[in-house]
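*Asks:* Got a structure here, written out as structure tokens. Questions coming.
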């Protein structure tokens, strides 16, 4: 019995070596409370150990991405099977990330844990990580594009797909897909943030490691916000991929602008008889897919019967004496009477569809309400094709200026109409016509210019949004406009083009770029509270608009510019018409941060 006790005491003493950095243990090592209560020093040691163990696992995943997937795809690409640039764009800077963690951070952590008894700290180690967070910013920024490219070339190239499937079948992959492994770097920075927060909670205020740990957390937390946004997007993209496979890879739904909302089984009531047929619905932010189940041994599969757009959709309860829990969905393409499994299920569907409709309408409100009579093209109809237009710059738009679909790396690339200069997608520029100013050579033009130049009928009186015209024109019809940094609640900051038009002087419109033809969102200013006090994590020149649970943060390029915005907004929130702020010789409605938007010819 004595030998057992001595053995236990030796084990305890060896594991408590890390406690020497502060106060010696006050517990008798052989008393019961010591076994039941973990000391604070033990908790700090455990957190540091978890950091090391997760770092080892992370480096293993990075090696898998870099030395297996990336290396083998590059080897095949160098044979000319598929473009080398495709592989490079998919994996971004994964090799640099792998090198840093494998050769620097992991060895430092291993060395530190080996000398924990004399140097019990991790803040200084993690502070070495912060300069390299730029690598993660690049990887996260490229993540959406990488996922699109991966899907596109998996569908397009059998060799590309075969290499990935071969590696995924290996034991080292753990039955996980390449997409899952590529998410690891996106998730790693939030993991550091979580461990550091836990570490600081246990760390005494006067501990020598506190300063380094707090400084590391401040920088890592900022980087983590961008990663968390990418994680949410990737989870949505993963769900879109799952649905894409359920639909037999026949419906083009995998797109960054598509957001999955809800799915489920319902019964469809036939109009001609009393029968009810099983159907499956997929609700997205812009459409409802009405599907028929089909037999499959490999999981649920469906055939799309109808795609109903959210634009113009209505949903309401229906009274059917023979069938309880029914409701009706009516769209431009079709009207459906559906039966849910319970009153709760019915209420859930009605709420989800109605909220989706409301959000869709709100996002399109600016385009529908802030309308202004302008010419359809940047040159007059009389001069169309006779004079070279000013090209709208690529970076001034985020969506096609004709069909309003967002641009992306694969299916919707930017093209310029040679007649009007608008930036359009390939579908809207799939026409050629002889242009007089270019010696009557055939040039790509948008569908509207093609119709005008070929003498076909064009719908008259079409109105366009306030930001569809050139900067010099739309600023004359706005009280205030310009670039601001924007963050809703705790979301990452992003650069947006803000406009308070004369025609809607109590509404703030947020666009992705100055020439976008549809706003991302609108903020009705009436009733909002304006807060001018800075918070610790806010960028300089910040102000906020808050109402109930809705909080919108804005940051200007300077204090002077912020004060001009506040002067206008503080009047608008009271329901009064604001005046244009006066500036030193500049257009009074235009912010100083608009210099980059001056008119010019872009030869892209």
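Cβ coordinates are placed from backbone N, Cα and C, and glycine is handled just like the others.
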*Asks:* Per TrEMBL, which of 549-576, 577-604 is region 'Disordered'?
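*Replies:* The listed stretch tagged region 'Disordered' in TrEMBL is 577-604.
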*Asks:* Quick one: average pLDDT across the domain 'DH' (43-230), no decimals.
*Replies:* 90
*Asks:* Count the residues of the domain 'FYVE-type' (394-454) that DSSP assigns to helix (H, G, I), to strand (E, B) and to coil, and report the three numbers in that order.
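*Replies:* Tallied per class, the domain 'FYVE-type' (394-454) gives 16 helix, 16 strand, 29 coil.
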